[in-house]
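Pulled from TrEMBL, these are the features on record:
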| type | residues | note |
| --- | --- | --- |
| SIGNAL | 1-23 | signal peptide |
| TRANSMEM | 82-104 | transmembrane segment |
| TRANSMEM | 116-139 | transmembrane segment |
| TRANSMEM | 159-184 | transmembrane segment |
Amino acid sequence: MASTSAEIIAFLLTISGWVLVSSTLPTDYWKVSTIDGTVITTATFWANLWKTCVTDSTGVSNCKDFPSMLALDGYIQACRGLMISAVCLGFFGAIFGLVGMKCTKVGGSDQTKAKIACLAGLIFILSGLCSMTSCSLYANRITSEFFDPSFVAQKYELGAALFIGWAGASLCIIGGSIFCFSIAENSNSPRRGYAYNGATSVMSSRTKVHNSVPDKTPPKHFDKNAYV
């Protein structure tokens, strides 16, 4: 029962993390323009993995998609690939997780289901690592430009999408680790033992048969002279 409850908790954690990771992909605010050193702010610049936008003081936004994927910076291409990989891995991890859970009726024996659940855990851990690497790489670029005194272009701060991505990656890694421990719990579960009484010897079997057969020898009759 404890293992089943742990698998249910792990599945809920991983699905929640996968949903958060998937939601960061179309989120707008991966980075937002900083107001450090600005007296009057007339516009706000923000960008994500697909476009860059500017919002004026009236709330009107003008966006421009990145013109060419091959002309993008290397870190944006890497972040795109890692985030798409994280979403795809989470999808397959959810399928294997459903099959490998003990509360479902598919997947075969308990040992087979434990192996499938462990595989789902590894997939979710890999998905979380991809998401965390992508968000960390993007955040590293923002912070390096922010603290670089020779960088004179527009500086940015960390957007809300990065924190959502980190939270989702953490949930995927934690839930995947619980799935991986399920195979260890299954292997340590007690097995039913069978008592072995040993082979019955030939003499004991013959004795039992001899004792079980009633003695049908007719009684002996003695003559009167035998008592004299």
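Backbone N, Cα and C define each Cβ position, glycine as well.
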Close approaches to the transmembrane segment (116-139) from elsewhere in its chain (Cβ under 8 angstroms; 6 or more beyond its ends) | 7, 10, 14, 17-18, 21, 24, 30-31, 75-76, 78-79, 82-83, 85-87, 89-90, 92-94, 96-97, 99-101, 107, 158, 161-162, 165-166, 168-173, 175-183
Same-chain Cβ contacts of the transmembrane segment (82-104) under 8 Å, 6 or more residues past its ends?
-> 3-4, 7-8, 10-11, 14-15, 17-18, 21-22, 24-25, 49, 110, 113-121, 123-124, 126-128, 130-131, 133-134, 137, 165, 169, 172, 176, 179, 182
